[in-house]
Amino acid sequence: MSTRSVSSSSYRRMFGGSGTSSRPSSNRSYVTTSTRTYSLGSALRPSTSRSLYSSSPGGAYVTRSSAVRLRSSMPGVRLLQDSVDFSLADAINTEFKNTRTNEKVELQELNDRFANYIDKVRFLEQQNKILLAELEQLKGQGKSRLGDLYEEEMRELRRQVDQLTNDKARVEVERDNLAEDIMRLREKLQEEMLQREEAESTLQSFRQDVDNASLARLDLERKVESLQEEIAFLKKLHDEEIQELQAQIQEQHVQIDVDVSKPDLTAALRDVRQQYESVAAKNLQEAEEWYKSKFADLSEAANRNNDALRQAKQESNEYRRQVQSLTCEVDALKGTNESLERQMREMEENFALEAANYQDTIGRLQDEIQNMKEEMARHLREYQDLLNVKMALDIEIATYRKLLEGEESRISLPLPNFSSLNLRETNLESLPLVDTHSKRTLLIKTVETRDGQVINETSQHHDDLE
């Protein structure tokens, strides 16, 4: 039938294929119109209707619908909108009844199809609501959540970077202080080593002096021994001379007794002996004094050298202990410096690794933000496509509603199950009066839309008489 061909062809243009599938279009809207007129007579049937569309730069679509070919055996008879003249019922033949029956079937099919359209529109509206809710959720929660996470992560990264920077500065200050301490200790070590060398050289000179003093003491001891031997020899010689002199004196005394006239030799010998004894005593005293003075000088020099040697040994031991303690301290400072440098290198490596990880995290978050933006854009495009489909469906439903209302007003008969469609309110479009002459009417209707709004609508009629 013609109405079925109109609805089927327009549905295929809208959704493609059967009536259960849909194909959204983002840039096109479709408008289909159909006019149906009837002529009373032996053959009252609607002519086939075709819908053609073409795109124009202004977004206008032209729908052509051929008018109903009317054949009438009763010219001048018209169907009114409010009532039906039942006096002409006898003139309606069996073909008209069949046509009415077919029209009822077609209207019932249109009713079912409209119900399917309404269900689909409701489903699409629900999908639109779901998408709008998701879009609002993405706009609200997604942005705030990602922004908060990003800001929190950036604050944590900045805090860690500041902490690592402070730790690095503190470690560098400690390293500089330790380097200064090491330089100061090295200088002190050099000074101590110089003092040690000076002390060792002084000790070496003292040792040479001690050796010289020892040699001098040995020489003096030998001289003392030789002098003592000489003194003993002189004493022995003196005693022998005294004995000889005493013997001579005794002999002379005897001679004196015999010869009184001889001179007094005893007094002369006594004088000589006294002179020799005084000379010997003087020499012995001088030798003892010289020996004592020399021994005292040597003892004093030895004691002085021993004190200097002992002091030098004590200083050497003290310097050795200081050198050992400083060496241990330098080794400890070297170990501490090495450990600090190793810790600093590890901290720098960890800092570089954490910075790289944070950069990766920032890149990943930026990628997620970009993906969310792309997903939001995709949802917006899908929502726009669904809005375009819904608008096209609304236009087609309005067109079918106008057709049905025109048919209802023409035949002035209630349609079965038509109240269950819950159609939206639209303005009724009155059908033009059709002459009973046999003619073909070509209706060209141009509808211009922009952003889903109808901005211009024109119609042109072309009549071709048969």
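Numbers here mean position along the shown chain, with the first residue as 1.
Backbone N, Cα and C define each Cβ position, glycine as well.
Look at Swiss-Prot and you will find 1-13 (among others) tagged as compositional bias 'Low complexity'.
If you look up Swiss-Prot, you'll see 20-33 (among others) marked as compositional bias 'Low complexity'.
What Swiss-Prot records for K445 is SUMO1 cross-link.
Sequence annotations record features per position, and here Swiss-Prot assigns O-linked glycosylation site to S7 (among others).
Per Swiss-Prot, O-linked glycosylation site is recorded for T33 (among others).
Marked as O-linked glycosylation site by Swiss-Prot: S34 (among others).
Residues or ranges marked as phosphothreonine in Swiss-Prot (evidence: similarity to another entry): T20 (among others).
Annotated phosphotyrosine per Swiss-Prot: Y53 (among others), in sequence order, evidence recorded as similarity to another entry.
Positions annotated as phosphotyrosine by Swiss-Prot: Y61 (among others).
For Y117 (phosphotyrosine), the number of other Cβ atoms no farther than 10 Å from its own Cβ, over all displayed protein chains, is 21. According to Swiss-Prot, the phosphotyrosine annotation covers Y117 (among others), on the basis of similarity to another entry.
The N6-succinyllysine feature in Swiss-Prot is assigned to K120 (among others); the stated evidence is similarity to another entry. Around the Cβ of K120 (N6-succinyllysine), the number of neighbouring Cβ atoms within 10 Å comes to 17.
Per Swiss-Prot, the feature N6-succinyllysine maps to K129 (among others); the stated evidence is similarity to another entry. Look at K129 (N6-succinyllysine): DSSP puts it in a helix.
Around K188 (N6-succinyllysine), the C-beta neighbours below 8 angstroms that are at least 6 residues distant in the chain are L326. According to Swiss-Prot, the N6-succinyllysine annotation covers K188 (among others), on the basis of similarity to another entry.
Around K294 (N6-succinyllysine), taking its Cβ as the centre, 16 other Cβ atoms fall within 10 Å, counting all chains. Feature annotation from Swiss-Prot assigns N6-succinyllysine to K294 (among others); the stated evidence is similarity to another entry.
Per Swiss-Prot, the feature phosphothreonine maps to T426 (among others).
Feature annotation from Swiss-Prot assigns phosphothreonine to T436 (among others).
Secondary structure counts, DSSP: the region 'Coil 2' (269-407) has 139 helix, 0 strand, 0 coil.
Here the Cα atom of T458 (phosphothreonine) is found 35 Å from that of K129 (N6-succinyllysine). Here the C-alpha separation of K129 (N6-succinyllysine) and K120 (N6-succinyllysine) works out to 14 Å. Each residue contributes its Cα atom, and for Y117 (phosphotyrosine) and K294 (N6-succinyllysine) those atoms are 145 Å apart. Note: the region 'Coil 1B' (154-245) comprises 92 helix, 0 strand, 0 coil (DSSP; helix = H, G, I, strand = E, B). Reduced to three states, the DSSP call for K120 (N6-succinyllysine) is helix. Straight-line distance linking the Cα atoms of K294 (N6-succinyllysine) and K120 (N6-succinyllysine), rounded to a whole number, equals 141 Å.
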